[in-house]
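Working notes, structure below.
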């Protein structure tokens with residue numbers, strides 16, 4: 001039995017489709033003979049300088065760390081994230097020290113105090129990928145090395161950056177066992193209506209899109225308990241103040 005490699009080929013609807021090579025490719029060939037997963041056979045035109053990316057072995061599909069994949073390219077990343085989200089309902093995946101999050105657009109029961117305590121004191125790689133694991137790593141490094149730590153939350157409009165930042169602050173407030181500041185994330189969020197009034201807009205992809213950057217600084221005392229927070233804003237899209245794009249509007 002001949003076992004051929006599987007590759008990813010571009011698709012207008014699925015973005016990428018998995019296909020199996022059914023005939024040995026030789027240097028100089030203008031077409032790659034492949035069979036799609038639905039059984040369709042086709043001759044896919046190829047450029048010898050840019051052959052289709054190879055697909056990872058099935059045993060690696062669904063890995064919780066993208067760096068564990070044999071082939072780390074766009075279709076491999078998208079497929080792995082899709083499998084974890086669609087089949088396992090998992091929204092978090094590691095990529096080394098980076099946490100990749102998919103916005104489920106609904107509340108999930110994975111942010112309660114019991115989950116926070118489960119991640120407290122654990123190493124980042126010992127638990128399933130989670131925003132709490134990233135927060136715990138930052139908190140642990142701060143306490144161990146007595147140095148400031150930064151967590152960068154980035155993503156496109158509607159990706160869930162604001163919510164992710166809120167869960168991070170909730171984690172710090174809980175594990176630091178702060179009393180009067182136990183709800184620091186609520187106090188920071190209470191200021192949101194002020195900044196959102198002039199900095200948020202309704203877009204085609206997000207009804208409440210932040211059109212500015214936000215830097216939140218959380219201060220701890222010598223016992224590593226929260227004593228306050230400071231928020232700074234930057235990079236406001238000032239053009240929106242005087243001009244409104246069709247179908248886009250200020251909140």
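Every residue, even glycine, has its Cβ placed from backbone N, Cα and C.
Note that TrEMBL annotation is computational and uncurated.
If you check TrEMBL, you get these features:
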DOMAIN    61-251  domain 'Myosin motor'
BINDING   155, 156, 157, 158, 159, 160, 161, 162  ATP binding site
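Within 10 Å of the C-beta atom of residue 159 (ATP binding site) sit 16 other C-beta atoms, taking all shown protein chains into account.
Sequence-ordered, the extra residues of this chain that approach the ATP site, with Cβ no more than 8 Å from the Cβ center of 155, 156, 157, 158, 159, 160, 161, 162, are 103, 206. The local packing around residue 158 (ATP binding site), expressed as other Cβ atoms within 10 Å of its Cβ over all shown chains, amounts to 15. Fewest other C-beta atoms within 10 angstroms, among the binding-site residues 155, 160, are seen around 155.
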